[in-house]
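A short worksheet on the structure shown next.
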């Protein structure tokens, strides 16, 4: 053990001796109380409870003894989660030493720690004195993730949770991290970002969630439900939903299943078109209810065609569509050949080469379809 005066003390030790034991041996030899001793090896201050083996101190190693002026000081370290750690330090401690103390208390490896004081990031080799850090100063600890990032999760109670994540983490992974921190089972968590409910199998990158983004956590009452969505082609989609889901959420689920952008979806229930900001509960949509999905064409419109049997067909059309085009769409839906179709609007039979615009047929107009018997004239 080498002192600052240059004197070297020789000690007989075991690898299993703790730093406390070593300080007691130095007290026996030199009369220096352990609480005034700081031992340094390989640039690191040695912590009392650790053993020589922990620091890989082998035979004939040299430790450096620095006297601790009575009266170290306390400083505080505040993390992004709002937790405050209290540390016992000396002005002569290096930033490395401080990070080692934080590791001992919190288990965070020094290479993942960034310490900030007065807006400056602190460099490892410098001392607290170099930065004029005095007793009861507060440092801020920011985690440096290997290739990772931090995001925030805000709960309905207003509490904000900080999570360490990677862009490649799935929403399932994020829910598991929230469970670790908050104890909320993943199946009760709904995460919302940019107004969209996040689906389990997708990644943060899929939703363009970047560092320091804020997600919103909504608790899912146990017991979601299934509803059905019927498309104009007759296909039925089954969705897992909550009563508290908004119509936007439902459209996002339909997009995930069918690839149809929400802005092209119109949902109808009990004859009413559903508005995006409202919830299923607002419309009294219960388990196993069936919604109807109508596609809203960009720049297009819907018209209705009523048959003599009273059936109404919905068509997606453009004003520039010709009557021929419309008959072809009816054939696609109903299988009726165009040459057997007669279309009537406002009491007039529509001629094939003309357009809907020519007849001032606008969105949600109703045409009447009369069948022309073969061999008629």
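We number each residue from 1, going along the chain as drawn.
Any Cβ shown, glycine's included, is placed from N, Cα and C.
Feature list (source: Swiss-Prot):
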type	residues	note
DOMAIN	1-72	domain 'Ubiquitin-like 1'
DOMAIN	73-148	domain 'Ubiquitin-like 2'
CROSSLNK	120	ubiquitin cross-link
DOMAIN	149-224	domain 'Ubiquitin-like 3'
DOMAIN	225-300	domain 'Ubiquitin-like 4'
DOMAIN	301-376	domain 'Ubiquitin-like 5'
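Here the domain 'Ubiquitin-like 3' (149-224) returns a mean pLDDT of 83 for the predicted model.
Broken down by DSSP into helix, strand and coil, the domain 'Ubiquitin-like 5' (301-376) contains 18 helix, 28 strand, 30 coil. The Cβ of residue 120 (ubiquitin cross-link) lies under 8 Å from the Cβ of 131, each of which sits 6+ residues away along the same chain.
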